[in-house]
């Protein structure tokens, strides 16, 4: 791997816990071990680079991890392990990505542009071009939740390409909409390519991939099956899909179950050890390989799972909050409660004898 990349992904994995219900998720929070919770690895050690000015296509079957990878690169979701280095501002285009359903199209344009770092005067200058490119008519003033998927794609694409990002990530955004808008999008992408923009293009349409992409990465059930010249990788992917379609219904289900089982059984520790051994073989004199690999795996990752220290702290804060509420409702002071904690649950009741006091003047 050279140093001319715009995007560098190294040893990236993504793990999800497969909770069957919210109750099971809550129980796991208080459990001493999460070994009983099934895990699913959407990505299992992806390493690749995207060069400056290159258009890289991502292909693969449904559920292979293409969108997961594009979301990690764009910073929408974090990776479980590995490093992601992006040299420049990214803008992702996916159906409805980043659009707020309760806001109008016009309000979403301003919000997304502000989030990309544009000022209000800059947005005002671009507004007519964005509106014209999206071409959604009076729906511009309606809440986005009333839009069709094609209209959401139009609006999202128009916003993304007009904020002038360094890196454009397009995730199935051209799969909806009419031919006229599709051609406008292709022309805009071609214009970006001519300007030397870096593009990651996710699509199920191999024709789109062949037209737009310089290289292609085939993501296959969480792994990088192949990366290389568009013609070569697309040819191999077509051979795979032809083979798969030729299987019986039973054989297809068996193949898919086996692939999903591999993703559930993936061992991150074994993968880490494999990387260590490969590096040691390449450089036997390096005594710090294990530490370097650990840093590559976890050095830039913020854990999505709570440590036990944080769990205990959260529980303690929750208990203190509940006690504070009970003290407030009971009407007693903190000192009274500390002397007689039972007052919180069974507050003392003082009975007054109205007959005894009625004659006092």
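Each position is counted from 1, following the chain as shown.
The backbone N, Cα and C atoms fix where each Cβ goes, glycine too.
Here Swiss-Prot flags 13-246 as domain 'ABC transporter', drawing on sequence analysis.
DSSP assigns residue 60 (ATP binding site) to coil, not to a helix or a strand. Sequence annotations record features per position, and here Swiss-Prot assigns ATP binding site to 60, 61, 62, 63, 64, 65, 66, 67.
The annotation region 'Unknown' is assigned in Swiss-Prot to 247-361.
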**Message:** With an 8 Å cut-off on Cβ distance to the 60, 61, 62, 63, 64, 65, 66, 67 Cβ center, who else from the chain surrounds the ATP site?
**Reply:** 68, 219, 221
**Prompt:** Counting across all protein chains shown, how many other Cβ atoms sit within 10 Å of the Cβ of residue 66 (ATP binding site)?
**Reply:** 24
**Asked** For the binding-site residues 62, 64, 67, which one has the sparsest Cβ surroundings, going by other Cβ atoms within 10 Å?
**Response** 62
